Amino acid sequence: MGFLEGKKILITGVASNRSIAWGCAEAMHRQGAEIALTYQNDKLKSRVEDMAHKCGSDIALPLDVAQDADIEALFKALGERWDGLDGIVHAIAFAPREQLEGDYVDAVTREGFNTAHEISSYSFAALAKAGRGMMEGRNGALVTMTYLGAVRAVPNYNVMGIAKASLEANVRYLAASLGPHGTRVNGVSAGPIRTLAAAGISDFRDMLKKVEERTPLRRNVTIEEVGNAAAFLCSDLASGITGDILYVDTGYNILGLG
Ligand code: NAD
Ligand code: 0WE
């Protein structure tokens, strides 16, 4: 029997079979969870519907986190299918492309800063707020995806690092707020993975190579490994863990030599 048997879990951020969210969906399905997926736009609809089917689910709902109406409609629609909700996986980030290259001070703009924070951090609080009713008193859990750039100055990550720092603070404030309602809140800090969000990032190949050469495990992390960690954090095995960031990065963050 899987350790998520009987749990109903909403997973956002599936865009392809390389998405971290897809690693989460497969891991959680393997552990016996019922899964619902969301897709950002109509272009992704049929692909995400097919991927939901692979997890034994026929729930794929639209969600653009920039739209309050989408967030509201999502939980209304989910409430028509499920009588409660045990977990939400937030695997969404976006900053305008030109924010993610070159010198931070050269690149940063008010609009770039605001967009990165709205889509990548506020959206987590917004989902927590809209989902609170369905999750009330069920030993539920929220999990978000973060990156080392939240706590270190990583070249080119720029304003996304500031947004991830905000997201990690969101983990702590949401944990303090929702703990009394029975909901735990944690983040997984993943090492670099070649997903759509990594496509076209300058020097991404070099980053992957450096990780392979230097980390304790001498390799890169997989979406399966990140998914397994997220599954654990959503499960009752993690019942004493909230407000925390779990690194799934083959040990990169512990190193002192750059
Ligand atoms: P991905 O491109 O597969 O997923 C990003 C998702 O964000 C997509 O599904 C996209 O549809 C969604 N998204 C963007 N704007 C949205 C909006 N307005 N409304 C709804 N959804 C929106 O890439 P990924 O690497 O799987 O990214 C998932 C998460 O993992 C992100 O938070 C990212 O920062 C984080 N992360 C990625 C890496 C990495 O190296 N790939 C490392 C650590 C953390
Ligand atoms: O969080 C991320 C990337 C998130 C992301 C990616 C894109 C690409 C396409 C946010 N917004 C956009 N906007 C786009 O238009 N990661 C952790 C992956 C990543 O991105 C980097 C990294 C790493 C690691 C950018 C620079 C340096 C390192």
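Every residue, even glycine, has its Cβ placed from backbone N, Cα and C.
These numbers come from a predicted model, not from an experiment.
Of the residues Gly13, Gly56, TrEMBL places Gly13 in the same NAD(+) site as Ser19, Ile20, Gln40, Asp64, Val65, Ile92, Lys164, Ile193, Arg194, Thr195, Leu196, Ala197. Listed binding-site residues: Ile20, Ala95, Ile193; maximum Cβ neighbour count within 10 Å falls on Ile20. In this structure the alpha carbons, written CA, of Tyr157 (active site, proton acceptor) and Ala197 (NAD(+) binding site) are 12 Å apart. Look at the recorded positions Gly13, Asp64, Tyr147, Tyr157, Thr195 and count other Cβ atoms within 10 Å of each Cβ; Asp64 has the fewest.
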